[in-house]
Amino acid sequence: MKIIVPATSANIGPGFDSVGVALSKYLEIEVLEESQEWVIEHDLNPRIPKDRRNLLVKIALQLAPDIQPRRLKMTSDIPLARGLGSSSSVIVAGIELANQLAHLNLSDYQKLKIATKIEGHPDNVAPAIYGNLVVSSSSRNQVSAVVADFPDADFIAYIPDYELRTVESRQVLPNRLSYKEAVAASSIANVAIAALLKGDMKIAGRAIESDLFHEKYRQPLIKEFSDIKFLARKNGSYATYISGAGPTVMVLSPKHKTETIYQLLQKQNFKGQIFRLQVDTEGVRVEK
């Protein structure tokens, strides 16, 4: 059995802590034979435990404490602490591991409630579960999610060589916004969501780049951001935004412009990797 969970890109500009999309990088968990102890084989970051201390197993045991230990093989091309939902993918995989091994028969909505309680907000875990574009909210123990197709566009991701942890990225945000600022910020977010749902990427792109909630505070933490945005816009992009808490920079591109923008960014002397990504429409799935 193999559990597959997509990467996710959250916020998408003004959709702060509430909007995310599933993308074509993946965490895969191969569930192998029963074992005396939990064993997680991987060639990932050496900081990631290879026993029951692994977050994947911790999550599974929270839901089903009596499941028999297994040998697991973990592979992932979702980079750690880069704003592509690496921790959310593990949380969703852990829930699915318990769901499969303990035969919990959880619905997607039940998975979402559990994942949101663990993660604190649904913007990454929701698209990891459902796939596609998800607009979600969590308030007073109530979680809501609306799943929609993402408009016809490509994603070009610049993933820097350096990490930017969410806690650091949140420290630069203001403690409060004035009433006037909040109204302006929410109106921009409303336009961005409406345009995405309608499929109008030109209007969506302008709104995405006009965010007032977080981007202007975080952009100075990512030294390549302004150059990428300038080059992408000059060559016909819809928008450039910070993926999640960063430092990944995401360019939304018309499909006929993607190759030009991708090649142009490849020629720059940026210290990181550049990928063309597509929307994942399935979310978490199990191959048996």
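Backbone N, Cα and C atoms are what each Cβ position is placed from, and that goes for glycine too.
All protein chains considered, the CB of G85 (ATP binding site) has 30 other CB atoms within 10 Å. Under the DSSP three-state reduction, G85 (ATP binding site) is assigned to coil, being neither helix nor strand. Here Swiss-Prot flags P79, L80, A81, R82, G83, L84, G85, S86, S87, S88, S89 as ATP binding site, drawing on sequence analysis.
Cβ neighbour density within 10 Å is lowest for S87 among the binding-site residues S87, S89.
Annotation note: P79 (ATP binding site) sits in a coil segment as assigned by DSSP. Each of the binding-site residues P79, A81, G83 was assessed for Cβ neighbours inside 10 Å, and the highest tally belongs to G83.
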